[in-house]
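Structure record follows, encoded as structure tokens.
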Amino acid sequence: MTSKRQYPIDQSNQLSQGQNPSPQQPLQQYPQQPYQPNPTYGNDTTQQWNQTPQQQQQPQQQNISPPQSQNQNGVQNTIHTGGSKRVYPVDPQNETLLSSNFSNMNLSSQQQQPLPQPTHIPVPGPNTTTYNPYIQQPQQQPQQQPQQQPQQPQQPQQQPQQQTQQPQTWNTSPPQTQQQPIQTFTPHISPPQTQQQQPQQTTPFQPMQPTQPSYSQPQQTQPLPLPPMQPSYNQQPYTQQPYTQQPYTQQPGQQSQYQQPQQQTPQQQAAVEQPVPTLENLCPKPFMRLSMNAIPNHPSILNKVHIPLGLNIHPLAHDPQGPVPVVYSSIIRCRRCRTYINPFVTWLNGGGRWRCNMCENINDTPQDYFSPIDFTTGKRSDILNRPELQKGCVEFLASSDYLVRPPQPPTYFFIVDVCYESIVSGMLNTAINAIKTTLGDLIEKSNGRARFGIMTFDDSLHFYNLKSNPSNRPQMFVVTDMDQVYVPPFEDFLVNLKDGLEVVENTLNIIQSMPRTQQKVESCLGSALKAAFSICERVGGKLIVLQSYIPRGPLGKLSIRDYQPLLGTKKESTLLQPSNDGEFYKELALSCTSQQLSVDLFLFSNDYTDTASLGTLCQITGGSMYYYPSFVASRDGQVFAANLIHSLTRDTAWEAVMRVRTSRGLTINSYHGNYFLKTSDLLGLPTIDSDKTITLQMGISDSIGQKYASLQSALLYTHSCGERRVRVFTISIPVVSNYQDLFRYADISVVTSLISKMAIDKALSSSLNDARDAIANKCVEILQAFKAASTSNPQANPAVTLSQNAPKLLLPETLKHLPLYVVSMVKSIIFSSRTTHPDLRAFHMQRMKTLDLNSCLNFFYPYFYSLLAPPNYQPPTTPNTPFVPHSFKLSSDELQRNGLFAIVNGYTLYLFIGEQLPQPVFTDIFGVPDVSQLDINTFQDLPILDNDHSRYARKVIELVRNSYPEYLKMFVVKSTDRQRRPEFQSLLIEDRTPEGCSYYEFIIQLQSRITQN
């Protein structure tokens, strides 16, 4: 029997300088218990999503029940919102800048780098007002700070040998600097200006008042000049403070210039002691974003504002500024909490010691890391050579202390269904062609280290020996006993892809051309997964499963649930949870996680597949699930091939674990994403790719006495090139004592994403109807809190109204589109009351758990474009000329009978053909003379034709598809199409639909609820 190895876990709380790692945490067993939305499999429970920790239960409010339309005769039979057009309210850049084109939802101290992403900017946004929490405001009467109770220091995990000194009180205001404009749309976060030092007094936080329109250039603080690097700083003992005295020097022929030693002034101490968040040292927003870019200093303030506090982490996001800098020097960490060195630590004793910004423990600086501090700048002399002290996003090259075994090469093992349905639908042929296309990229990305293996199955298992032989043809083994699967040694079925490329290509050709006369419909997926696990358990990697039937073998057999009577009832949520038969896949997923194996599922079926049960494999192992119902290669082959290629070639972290650390007072309540919770704060991620995010739901457990709060995430992983690295993100944000200020710093992108993930948990634990009510109630609670804040201090909380035709509903500037997203969310396929196949709804629920912010917002509020060029359109003169088509509001008011429109939600692209579209225009775009000759069942993309209409339509489609990681499936919707037209109409969420009221009616109900309360 093969012995199981213990695989690398995060050593972040176990390794200290000069010490060996502690023994590995034993594998957490999966207990028998009711389903929980997050795969914690322990005693951790998810709190009620619409309540924060230590929050008193609010009286149940009257739920918003959107009136159902009684008679729908088409798109035109709707209640409209007026003739005004709404600019498309989505943050297209996956980033909320201070001068946002969408809304002021990004008043953050954690700002990102200034370069925008052109492929994600399809629409400019409305004017907004910008605020900056780090710029000192006009003189106002400071608010009385409540007396804070002294906090007990956190108990260290390892007792230091010497007693640490107590932190001192410092003035936190840096020197006043000049502000100059910059020529970018990304703001700079300016530090507060220096104020007169007063003993035992600090300046309270002053919220900023709007001073300029949104399209004015943001101001940037001029950086102070840095001194030249000291050539001999490594020779000075770190216990000395050479900058506190001026040594005696006398030039020949001159009089003595000796001066008395000078003590550090309070201003010098402040410059050294208080690091200030700036644009350069904060983690860029594509990697890490908070729902509120300011932290309340007490739990009661968070409870009063009702905005959920959460953190969105995108570990492998694309950064327009370039790759993340890699640090090859030794890793410096806090002795107590194991925080990594970052730009927000405080340097003491001239650089000889440093205070942790998380736990405030004072640590000694290693001699090989010491550098003196220049008190004129408050920075180390070697700051330019230390990326970890300049940027909030760096990677450390991990030492041998972070290794339990040598880094394993990337391993790809394919499990392909070759049943009758896979052959006749064209899935097998499409998959083999796509795999052939990726072989060269897999070799290049792994520096020739990638391993490859493949097996096929129907009612038996087929293994292929890929070892090199004189004929370069594989040897095939067939196993028919599905109860006790015998697997030969794994070395025969996993080969180095570069060395065995010819054998691999021949194997794929043989599988593709193998004659299959019997129509086998049995699928032994469970046995195939067991065999693949036995082959790959020693090396880890990724299992890619292509499945056409619901599993019917002796292992992992899933029964077809009778779902029709449950649709539309409270018990519908049971169809979205794993069945009792799915326990096999949960246990298998836990075994895969312990051996660093992830599972990617590609599901093709004409009937019920039970994606809720099979999706557990992806959810626990950090994999992905793709769902193609009623797959036909002539219609869906292009989408499937593109997504398979993307899933294999995207950036991937292997053998990963992640931990998030917070400063005192902040707590992490739950996680959302595909992961396995090894301990209370350690996430196991066999793989995590560039498309996935992890969302944290947070709370405040105690008063926060510091001026800034810090958060740091650390991802320990194996790079595809073979290096073991630690990717560290760090942010520091201001702490406020007035809940009215929090509305200024809300980020609607993170707030919307967090509400949707919490609502999914609510739907799984209760019902879809309760989830819809909870979404609407959360919106009411936030707007009620804002109304109370505006009533008490109107000047500090500027409000906006939607339009002149809409009801006078006051909304915070940063959350002015929250009601629109709430309506979109309730009408989406995830929460809609419309009859929906449970496989499709469960698939989208799991997909939403890992979506990035841009894809999440656009899924709820899609893009709406016209594919006909406007009259004043001028073609771009150069290929690099920006192209931004106009997006309409999602209402039937924008539809025209002689038009051609596209609606895209990041997953599907709908083309709506008006019934009076001119015949010459139709021919120029589709290449056929009449709409009746267009086969919508096999249509995949627009043909490439040499005319202006075709070029413009294809340019819009290309722009939209490049904005998403997945390839979009395209559907053609004719005006007479009874199947696709209801799907298209359901995306016009601002109109009244069978799923609920119009946006205008929802605003009226919101105003009524807020006024009554």
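Using N, Cα and C of the backbone, Cβ positions are placed for all residues, glycine too.
Here the Cβ of CYS356 (Zn(2+) binding site) has 24 other Cβ atoms within 10 Å, regardless of which shown protein chain they belong to. Residues or ranges marked as Zn(2+) binding site by Swiss-Prot on the basis of similarity to another entry: CYS334, CYS337, CYS356, CYS359.
Annotation source Swiss-Prot lists compositional bias 'Low complexity' at 11-39 (among others).
Feature annotation from Swiss-Prot assigns compositional bias 'Low complexity' to 47-73 (among others).
Look at Swiss-Prot and you will find 97-114 (among others) tagged as compositional bias 'Low complexity'.
If you look up Swiss-Prot, you'll see 115-125 marked as compositional bias 'Pro residues'.
Look at Swiss-Prot and you will find 126-135 tagged as compositional bias 'Polar residues'.
As annotated by Swiss-Prot, compositional bias 'Low complexity' applies to 136-223 (among others).
Sequence annotations record features per position, and here Swiss-Prot assigns compositional bias 'Low complexity' to 231-269 (among others).
The feature region 'Disordered' is assigned by Swiss-Prot to 1-273.
Per Swiss-Prot, region 'Zinc finger-like' is recorded for 334-359, and the stated evidence type is similarity to another entry. Per-residue confidence over the region 'Zinc finger-like' (334-359) averages out at a pLDDT of 94.
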CYS337 (Zn(2+) binding site) -> DSSP, reduced to three states, gives coil
CYS359 (Zn(2+) binding site) CB neighbourhood, other CB atoms within 10 A: 20
Give the residue from the binding-site residues CYS334, CYS337 that has the most other Cβ atoms within 10 Å of its Cβ, counting over every protein chain displayed. CYS334
